[in-house]
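Undergrad: This is the structure, below, for whatever I ask next.
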Amino acid sequence: MAYLGRRVSALALCSPEGWSWECLDDWGSYIRLAIPSMIMLCAEWWTYEIGCFLAGLISEVELGAQSVIYQLAVICLLFPLGISLAGSVRVGNALGAGDTDQAKLSAKLTMFCAGAVSVCFSVLVGILKDHISYVFTYDEQIRVMVARIMAFYSPLLLLDALSAASSSVIRGLGKQKVGAICNILGYYGVCLPIGIPLMFAGKLGIMGFWIGVLSCVSLQCLFFIVYLLKMNWMKATEEAQIRAGVQSNYIDMDASSPYEEHIEQRPGQDNDGAEVAGVTSEGMKVPLDHRTLLMWKGLALCVMLVILALGVVINLRLTNLT
């Protein structure tokens, strides 16, 4: 189907043919966005996994209830998360096309739709809190504990959805570093430091963990919304166009008087207008030779394989411990 679409579509006919060495070049611009995006997601996911481990230290009932609540939370969040991911793409595409108004409209619609869907799920969870655990287990102790936590989690769902939507908009804006720092500080500087003492010292069990989550998500939601309200959307549009290669990143030297000559310094020149080695006069990087490309990308592949192997080893060790 993909091959036929490529042969039939007029847009595909204008695209480059086949594989090219150029696909191995200029990975830096993607990595600078990919790693913070990964940290944004992993920081949140790992926190919930840590919560499951901690619940297992208390009792099997606490662990069972935590697992049920976590699965329900994931199911309820998937719907607004899908809207959020679509909004991230829409915002990024609009900024890259230079349409600032469309980007702002997409951001507002993303927040509204994610919030509306989460309200529906909050009402549904609140109504079915006493029976929803039967989807997973018929244990009465787990059912009672899940019902108690679900009554608390129902309003949290709206904040969680708004936080996910706003963080997706921030990813669409290309501000992944801001989101990554906020998630790390929120989950590991607020959520766990509040939740763990409440779980054990406060003897609240998994209720203490979810109180920590509520504190974290509330602060995150507030920060993301304020950040978006204070965002300079015109500047974000220019930055997105520069990343997309639509607009050149020229540096204009400001003159103190309108009669002074304005000097335009291009990325490929120094202050005297001389060419900088490795950069063309149009500001484009000189492509690396094939041997250098293979060496660097092969090294990157080896690093990724080592990380994968470490993850497999850690998973096997933890499985054996349990």
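Counting starts with 1 at the first residue shown.
Every residue gets a Cβ built from N, Cα and C, even glycine.
Just lifted these from TrEMBL, have a look:
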TRANSMEM  30-48  transmembrane segment
TRANSMEM  68-89  transmembrane segment
TRANSMEM  109-128  transmembrane segment
TRANSMEM  149-166  transmembrane segment
TRANSMEM  178-200  transmembrane segment
TRANSMEM  207-229  transmembrane segment
TRANSMEM  294-316  transmembrane segment
Undergrad: Going along the chain, which residues at least six beyond the ends of the transmembrane segment (149-166) come within the CB cut-off of under 8 Å?
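TA: Distal contacts: 65, 69, 72-73, 76-77, 80-81, 83-84, 87, 110-111, 114-115, 117-119, 121-123, 125-126, 129, 132, 206-207, 210-211, 213-214, 217-218, 220-221, 224-225, 227-228.
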Undergrad: At an 8 Å Cβ cut-off, counting only pairs 6 or more apart in sequence, do the transmembrane segment (178-200) and the transmembrane segment (294-316) clear the bar of 3 or more pairs?
TA: no
